[in-house]
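Here is what Swiss-Prot says about this protein:
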{"type": "COMPBIAS", "residues": "1-16", "note": "compositional bias 'Basic and acidic residues'"}
{"type": "REGION", "residues": "1-23", "note": "region 'Disordered'"}
{"type": "TRANSMEM", "residues": "27-47", "note": "transmembrane segment"}
{"type": "TRANSMEM", "residues": "73-93", "note": "transmembrane segment"}
{"type": "TRANSMEM", "residues": "98-118", "note": "transmembrane segment"}
{"type": "TRANSMEM", "residues": "137-157", "note": "transmembrane segment"}
{"type": "TRANSMEM", "residues": "185-205", "note": "transmembrane segment"}
{"type": "TRANSMEM", "residues": "213-233", "note": "transmembrane segment"}
{"type": "TRANSMEM", "residues": "334-354", "note": "transmembrane segment"}
{"type": "TRANSMEM", "residues": "372-392", "note": "transmembrane segment"}
{"type": "TRANSMEM", "residues": "416-436", "note": "transmembrane segment"}
{"type": "TRANSMEM", "residues": "453-473", "note": "transmembrane segment"}
{"type": "TRANSMEM", "residues": "497-517", "note": "transmembrane segment"}
{"type": "TRANSMEM", "residues": "542-562", "note": "transmembrane segment"}
Amino acid sequence: MEEQSKNKISEEEKQLHGRPNRPKGGLITMPFIFANEICEKLAVVGFHANMISYLTTQLHLPLTKAANTLTNFAGTSSLTPLLGAFIADSFAGRFWTITFASIIYQIGMTLLTISAIIPTLRPPPCKGEEVCVVADTAQLSILYVALLLGALGSGGIRPCVVAFGADQFDESDPNQTTKTWNYFNWYYFCMGAAVLLAVTVLVWIQDNVGWGLGLGIPTVAMFLSVIAFVGGFQLYRHLVPAGSPFTRLIQVGVAAFRKRKLRMVSDPSLLYFNDEIDAPISLGGKLTHTKHMSFLDKAAIVTEEDNLKPGQIPNHWRLSTVHRVEELKSVIRMGPIGASGILLITAYAQQGTFSLQQAKTMNRHLTNSFQIPAGSMSVFTTVAMLTTIIFYDRVFVKVARKFTGLERGITFLHRMGIGFVISIIATLVAGFVEVKRKSVAIEHGLLDKPHTIVPISFLWLIPQYGLHGVAEAFMSIGHLEFFYDQAPESMRSTATALFWMAISIGNYVSTLLVTLVHKFSAKPDGSNWLPDNNLNRGRLEYFYWLITVLQAVNLVYYLWCAKIYTYKPVQVHHSKEDSSPVKEELQLSNRSLVDE
């Protein structure tokens, strides 16, 4: 029955692509995927990294309105990946979702680029000290449509592109599974390299050459990303969508609730198994029964009311297979680990706000004639991240492998844990650097001169920026690996969307934390930890150390979650040259961060 199911899936793939099915995927597809990622990230980051300047200097929007416009866009862009993941996992597949989403994004970028080139689509430039004319309704409509198309495009690209790349390695082939974790490292490396190029070269072009060229280059890069991605079509592994994963999860919950009064069977083998029904959603292996959350197992208890007949597909709202029950268990188990990464994003977010404000008050001259822009300080984070990824992949893994015996060196839970520790050190160091900066300001009588440069080198900030980059190389990639590896096979786009959603929540938590600290640290004399106008009179170091304490508490929470976490147990089917599948049980259920 199981072999027939696999043959059926192969036939579906033949019909889907219109030609005989042959081995696809693997390393040969990586140049297309990485070229797509570099061009796409160069386009997206180059398009938005300096957008606040475009809105204020070209469209003459007030700063608050411009900031709120971009914030609303960012919030929408963080929600649409759930929609894109649903479409990809349910019926469209990842390839077509990425392709059409990229085209939608391309249209939005082209629209805004045209508005930057044609003078009538922008308000007239300001002359001298006169009041600038703000963009009218028609001109703003172009902006809003472009940003909306960008948000919709992001929704299809973000959750699918990284999962699609990982799909190119066959999990049932031991020779390819070891390449999957390597893929995540190099995917993030390509992304970081593109970001580095965007925040330096493209931002400089936008500020010093012109917005037509500054937005035109990212638009062309986006077009090239689509060409590069589509160019590998015949080489890719195209996994057939298996229907809405959300519907299956809800069906398990409803079936378990309906049978909540039943007594649990003593022998798990008496539960409902059906390899033929589960074949489309378990190509990489079947999830086996676990003892945790046994109340959900009641959804797989067969009763007379189910009226189950041989060869008949059951009503899934009343009866679910064990594999589908374990899908829901996997999603629930992932929640606490996934949520633990939110505070790291909160800490990382301070680089673009308060750390940047610190940099503005410090001496940033490399030579008498060249000064590093405060907004380019993130370059040190990106360089540290890229360097760490290379070191991790080429040195760290080989050394760790000798001690752990694991092909990937350490598990993704280990990797996330290391990232948490480094992030704690980064915010701790940031607090001490602020103490040093203010001591120099006091020494030179500059406490009440917020716009005067404090005679202290910006090099003092490099450790905190660099440590955040190292932390991201460990935590963010480990986080992404965790979501992809531990998510049910048919929900990997959705799982990647959850990764982006965690990043979004981390930024929102940062906003909430800043608001609360600003409110409750205010004193009658007007002093505040986070003052509006004079950082020298604030207590920014206290804010950094507050984040340090919160991260330390979060680390304890993470270690507890990792200790009790149960890896999803998969029964993999190897069907190389042998007509009968060889089943290999992956004993992962007792592995944890602490045990390993």
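Cβ from N, Cα, C; glycine included.
Here the transmembrane segment (416-436) sits against the transmembrane segment (334-354); at least 3 CB pairs are under 8 Å, leaving out pairs fewer than 6 apart in sequence.
Taking every listed stretch (98-118, 185-205, 334-354, 372-392, 497-517) in turn, the largest tally of C-beta pairs under 8 A with the transmembrane segment (453-473) is reached by 372-392. Among the recorded stretches 27-47, 334-354, 497-517, the one sharing the largest number of Cβ pairs closer than 8 Å with the transmembrane segment (73-93) is 497-517. Between the transmembrane segment (213-233) and the stretches 27-47, 98-118, 137-157, 185-205, 334-354, the greatest number of Cβ pairs separated by less than 8 Å involves 27-47.
Same-chain residues lying 6 or more positions outside the transmembrane segment (185-205) and placing a CB less than 8 Å from one of its CB atoms are 30, 33-34, 37-42, 45-46, 49-50, 162, 165, 213-214, 217-218, 375-376, 378-379, 382-383, 385-386, 389-390, 392-393, 473, 476-477, 480.
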